[in-house]
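Q: Below is a structure I'd like to ask you about.
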Amino acid sequence: MAYNSRNSSQGGGGGMIIGNNNNSVINRHSSESTPLINNETCEVEKKFAPIPSFWNTVKAFAGAGSFALPGAMTNAGLWIGSIGLVLISILSNYTMNILLKCSIQMTQDRIGPEKPSYADIAQRAFGRVGELFVCFMNFLVTMSICVSYLILIGQNIDYFTKIGYIPMIWIVLPFILLLTFLTDMKYLGFTSIFGALSLILAMFTIVIYGIKDNHVHALSDYTFDFKNIPLWFGNAAFFFCNHIVVIPVSHASGDNKRYPNVLNFAMIFITIINVAFAVLCYLYYNFSVGGIPSAIVDVLPDGIFANIVKVCVVLELSCSFPLIFAAGLNVVDSSIQVFHKHFNAFPELNSSDKAPFFSRNWKFYLIRIIFCSILAGVASAVTNFGNYTSLIGSLMLAVAGFVVPPLLSLRFFPQQAIPWKVFHITITIFGVMATILGTYLSIKAFVEPSK
């Protein structure tokens, strides 16, 4: 999950799609890009590339959210949990297509940037207030994802050091911080495919060990509390509501009108892999010693192969952190002139100029030190990874995925049929109610962990 608002011929900073980010001057009519996208440049019109676009989309969903899904199943049970994940995926895919339709409409109307971002779409629909809301929402989402990465990095390294995951977060932080000092995130682009393969390898290894060491009980033994279903929803939203990356991926595909078909197939693939992973882990680990941990990667046992998998996960998350972190700062940089003036690596550099490897702006480094320290502090305070991802999924990603897109559709297409208006209003109401319930129960779970 990673995103940039609108930097001309630049990539943002994200975690799965790699671009070119030189942190140059703000261009109100530039295209959106993200460091999660494998694109050579945004300046040259490209032919439609469905296969790279498919894998860019898949990589955009590969991350920490997958490891929280098995634990989420314990809050909803086998049938509600698995079928619900499929339904959330379908609904998320539908609202992503809404954003793509709005983007295409803006392009056809030739209003605003040639390749509009999520924030540009919100600006056209709701003015400057809408733009700022979406920008800061995207910023908070990317920072929250960075926190989840720090937690998993600390937990996996602590598996070897045994000194506690919180000290490990602070020990590793300086090394990760150095990566955030890069002025162009394309230098980390090579880690994208490695990261996706590492996470798939980890998922496969976890399932194999579960089948090897445990067995499936009678289905009647798998019980849950209906009151915890909103917690399950938060984790589902954390994983599937990746709306802030779908628009830049569509632009990088070369033809945003044909990209929706790619998105549909990618979502089918993503859903099958992750629902199967969540279900198998739930069936095989639910009655293991200690049950299902909030981050399922913790179940990996001692052994050379399992240790290699943990190291790969740590390396992938460590390289993804600066990409996503940079994307979050770029979101603010693209909309807040004061931030760009003081904290951009090269505030006076023209977008056509090549950025130097190092910045001479000391405030560029200071803001990264401050924010990374804050994120490490938040990660150190999180006591349950599953509750954290549920909180972020409910509070932020559900809003980005189920509340804002239907409202944008109503503003962009006011002539749509009454049944469609009712349907979109219903999705918005569902998103608001799920956000309120999921956020309340997630906070309650932090306050009363024993319950």
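Just so it is clear, glycine is given a Cβ too, placed from its N, Cα and C backbone atoms.
The domain 'Amino acid transporter transmembrane' annotation in TrEMBL covers 53-443. According to TrEMBL, the transmembrane segment annotation covers 76-100, 132-152, 164-182, 189-211, 231-250, 262-285, 305-332, 364-382, 388-410, 422-443.
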Q: Hey, which of 76-100, 164-182, 262-285, 422-443 has the most Cβ-Cβ pairs under 8 Å against the transmembrane segment (364-382)?
A: 164-182
Q: Three or more CB pairs closer than 8 Å, sequence separation of 6 or more: does that hold for the transmembrane segment (231-250) against the transmembrane segment (305-332)?
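A: Checked: the transmembrane segment (231-250) vs the transmembrane segment (305-332), no contact.
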Q: Can you work out which residues elsewhere in the same chain, 6+ from the ends of the transmembrane segment (164-182), have a Cβ less than 8 Å from its Cβ atoms?
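A: Same-chain contacts beyond the flanks: 150-151, 153-155, 157-158, 188, 318-319, 321-322, 325-326, 358-359, 365, 368-369, 372-373, 376, 379-380.
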Q: Would you kindly check 132-152, 262-285, 388-410, 422-443 and say which stretch has the most C-beta pairs under 8 angstroms to the transmembrane segment (76-100)?
A: 262-285
Q: Counting CB pairs under 8 Å, which listed stretch among 132-152, 262-285, 388-410 touches the transmembrane segment (422-443) the most?
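A: Per the Cβ count, the answer is 388-410.
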Q: Can you name the far-off residues of the same chain, 6+ from the ends of the transmembrane segment (262-285), with a Cβ under 8 Å from a Cβ of it?
A: 50, 53-54, 57-58, 61, 66, 69-70, 72-74, 78, 81-82, 85-86, 89, 92-93, 96-97, 100, 200, 203, 206-207, 210-211, 214-217, 222, 239, 246, 249-250, 253, 291-292, 296, 299
Q: The transmembrane segment (132-152): which same-chain residues, six or more beyond its ends, come within Cβ distance under 8 Å?
A: 1-3, 5, 14-15, 63-65, 67, 118-119, 121-122, 126, 165, 169, 173, 176, 244, 295, 297, 313, 317-318, 320-321, 324-325, 327-329, 331-332, 334-336, 371, 375-376, 378-379, 382, 385, 388-389, 392, 396-397, 399-400, 404
